[in-house]
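Here is what Swiss-Prot records for this protein:
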{"type": "BINDING", "residues": "Asp128, Asp157, Leu158", "note": "S-adenosyl-L-methionine binding site"}
Amino acid sequence: MARTEGDSWDLANSVGATATMVAAARAAATRRSRPIIADPFAEPLVRAVGLDLFTRAASGEVDLDEVAAGLGFARMVDTFAARALFFDKFFADAIAAGLRQVVIVASGLDARPYRLPWPTGMRVYEIDQPEVIEFKTTTLARLGASPTADHHPVGIDLRDDWPSALRAAGFDAARPTAWLAEGVLIGFLPPEAETRLLDNVIELSAVGSRLAADYGTINGSSAESQQLAQQMTEGWRAHGLDMDIAGLTYPGEHTDVAAYLRSHGWETATADHGDVVLAAGLAELTAADRQSPASTIGFVTAVRSTD
């Protein structure tokens with residue numbers, strides 16, 4: 001089903017199911033003999049969502065890489081583990097630079113407010129659909145998990161007036177902020193909503209603020225991309241999952257986030273999928289690996305150095 005303005009979802013359906021898939025990949029990565037990330041909350045969160053394939057993948061009963069490779073997505077676990085590590089390092093660098101305010105947009109099943117070793121005085125805000133925020137905070141509370149920072153979840157759709165909701169939750173725009181947009185600017189918002197999101201981030205960012213994001217689209221307009229999207233949709237359906245890749249993303253030209261930030265005076269550094277995998281200490285991507293949807297995604301870290 002195609003996306004519509006104002007549509008909603010939970011973690012078992014539509015865009016929400018992709019967040020559960022990513023968490024299952026983090027759980028699988030955590031189980032490896034030499035893991036590059038440790039996310040002890042990924043498996044119980046996936047289990048609580050209740051999608052059978054991802055539950056079994058998170059627990060190690062099913063090889064998620066094997067399943068995904070059959071759908072045209074090579075090295076899925078490496079992809080999402082390396083992405084998580086890339087953004088974890090972004091936060092470590094922000095902390096070292098003295099930043100003590102974080103905003104995670106479209107946080108999904110991201111458990112960074114609980115799993116990262118935040119310093120004293122760190123305020124962490126996370127924004128997502130109200131149902132997603134409620135599910136995650138309730139599930140983690142039942143597990144006995146406590147945030148490792150001063151945690152402020154904000155339940156609101158990014159297509160709504162989230163800046164006002166963020167301020168109402170205590171966000172201080174006068175303080176430098178580390179912003180994370182992981183897995184959201186890759187086609188899951190309409191192009192105009194992407195630039196609106198970035199404009200809001202820029203407006204709310206004091207000098208010294210930082211942003212990290214992945215960007216592009218997982219569903220290109222070429223015949224090859226459309227064929228791969230159809231292959232993945234049919235494959236997920238065969239596993240009992242309704243994840244129509246073409247239907248989950250918005251058509252149109254999506255935002256070059258790095259270029260947009262540079263045009264607004266931010267200093268940027270970019271990387272591609274292969275760079276991020278190599279930086280994580282994993283094997284270099286082969287030509288076949290580069291045919292996966294992740295190969296089209298770029299990464300940026302940026303700093304606002306002037307008004």
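Indices start at 1 and increase along the chain as displayed.
Cβ atoms here come from the backbone N, Cα and C positions, even for glycine.
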Most Cβ neighbours inside 10 Å, all chains, among the binding-site residues Asp128, Asp157: Asp128
Listed in sequence order, residues not in Asp128, Asp157, Leu158 with Cβ within 8 Å of the centre of the S-adenosyl-L-methionine site Cβ atoms: Val105, Ala106, Ile127, Gln129, Val132, Ile156, Arg159, Asp160, Trp162
